[in-house]
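Feature annotations, courtesy of Swiss-Prot:
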ACT_SITE  Cys99  active site, nucleophile
ACT_SITE  Cys201  active site, cysteine persulfide intermediate
BINDING   Gly8, Met9, Ser10, Gly11, Gly12, Val13, Asp14, Ser15, Met34, Gly123  ATP binding site
DISULFID  Cys99-Cys201  disulfide bond
SITE      His124  site 'Interaction with tRNA'
SITE      Gln350  site 'Interaction with tRNA'
Amino acid sequence: MQQRVIVGMSGGVDSSVSAALLLQQGYQVEGLFMKNWEEDDGTEYCTALEDLADAQAVADKIGIKLHTANFAMEYWDRVFEHFLAEYAAGRTPNPDILCNKEIKFRAFIDHAMTLGADFIATGHYTRRGESMQNSRGESYAPLLRGVDNNKDQSYFLHAVHGREINKTLFPVGEIEKPEVRKIAEKLDLATAKKKDSTGICFIGERRFNDFLKQYLPAQPGKIVLDNGKEVGEHHGLMYYTLGQRGGIGLGGLKGAAEGAWFVLHKDLENNRLVIGQGHEHPLMQSTTLWSQDIDWVAGEQDIPASGFRCTAKTRYRQPDQACTIYRDEDRNNGVRVEFDEPQRAVTPGQSVVFYTNEICLGGGVILHTDAPTPDFI
């Protein structure tokens, strides 16, 4: 009997080709288009209608049924409110990671099972390992890096539990992006030449600052140099991220050396933005970070008192960094991560993700680091 797969179809080329490949592999395939954001009437920002039309065109072309589901309420409750709270607390969140965990897998799987699915599938560039059991006897599948190193998306899926990975197929995770485009062109799919989506799904093509100030009041404050000297005003700390180059709005500073300016530190207590020159400025360097509420793909991870050796990324596409993980007993499911080499601009609110070779072990949100605090604070 054919196994039934519901493919999350976004209107992009990756999910389109995923559906086509699964058909070729003999599965009974249907699509599901998820609407996760209720755009304002009359706005031109959201491409949801165009994306739905593209997904429908592909479904019609390859001869499958396309379902639709509205997860906007779940998205608001589980993702967007957290996103706003993190910005309000002075951190820089990554909503795509929470969206994958809560919506594109958890809510999607729940909905797909009501449609009689054996599996779901997505267009992510990751792979699923062989199903196994953890020490509690729970079945899960390891999350593996995608074959295409340049497109590997395991960083964004690290918070998805292995029991959900166990129910998911990743057809394009086994091939490279140029090959995906070729398959789409060969099949004459409407999405073959469509650009990859960029930015956060609920913002669309809007300027980020304009979007954020609709929900959070901006609190302007002083811009200061790394010696404490005031040199200007910022629009609100939430608009800046550590290590950011440019976009600070200073122009040429009288008496300053030529060179780029970087965000070095956010002084939340005094609402000051600390900037300085030098890509490797000491105030941006850290060797240790702390995280809590770690999501382990296996549902668990044995970390001995002597520490656990692995590699980690603190941002997407960063080369793997050798590190040792220690348990942090002061925090719920917390860890302390010590890197072999100093790390630049590790940002609270972003995620640290752990790997052993091809296996993505899981990760968590960065709370803080041991980067030095400016002397004048």
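Each residue, glycine too, has its Cβ placed from N, Cα and C.
Sequence features, as recorded in Swiss-Prot, placed on the structure.
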residue: Gly8; record: ATP binding site; Cβ contacts under 8 Å, 6 or more apart: Ser15, Gly31, Leu32, Met34, Lys104, Phe108, Ile120, Ala121, Thr122, Gly123
residue: Ser10; record: ATP binding site; Cβ contacts under 8 Å, 6 or more apart: Phe33, Met34, Asp51, Ala55, Gly123, Ser197
residue: Gly12; record: ATP binding site; Cβ contacts under 8 Å, 6 or more apart: Asp51, Asp54, Gly123, Thr191, Lys194, Asp196, Ser197
residue: Asp14; record: ATP binding site; Cβ contacts under 8 Å, 6 or more apart: Gly123, His124, Tyr125, Val172, Val180, Asp196
residue: Gln350; record: site 'Interaction with tRNA'; Cβ contacts under 8 Å, 6 or more apart: Thr92, Pro93, Asn94, Thr314, Arg315, Val365, Ile366
Using DSSP with the three-state reduction, classify the residue listed as 'active site, nucleophile' as helix, strand or coil.
helix
Taking the Cβ of Met34 (ATP binding site) as the centre, count every other Cβ atom within 10 Å, in any protein chain shown.
24
Take the Cβ of Cys99 (active site, nucleophile) and count every other Cβ within 10 Å, whichever protein chain it belongs to.
23
Would you work out the biggest C-alpha to C-alpha distance among Gly8, Met9, Ser10, Gly11, Gly12, Val13, Asp14, Ser15, Met34, Gly123, the residues that bind ATP according to the record, and give it in angstrom as a whole number?
16
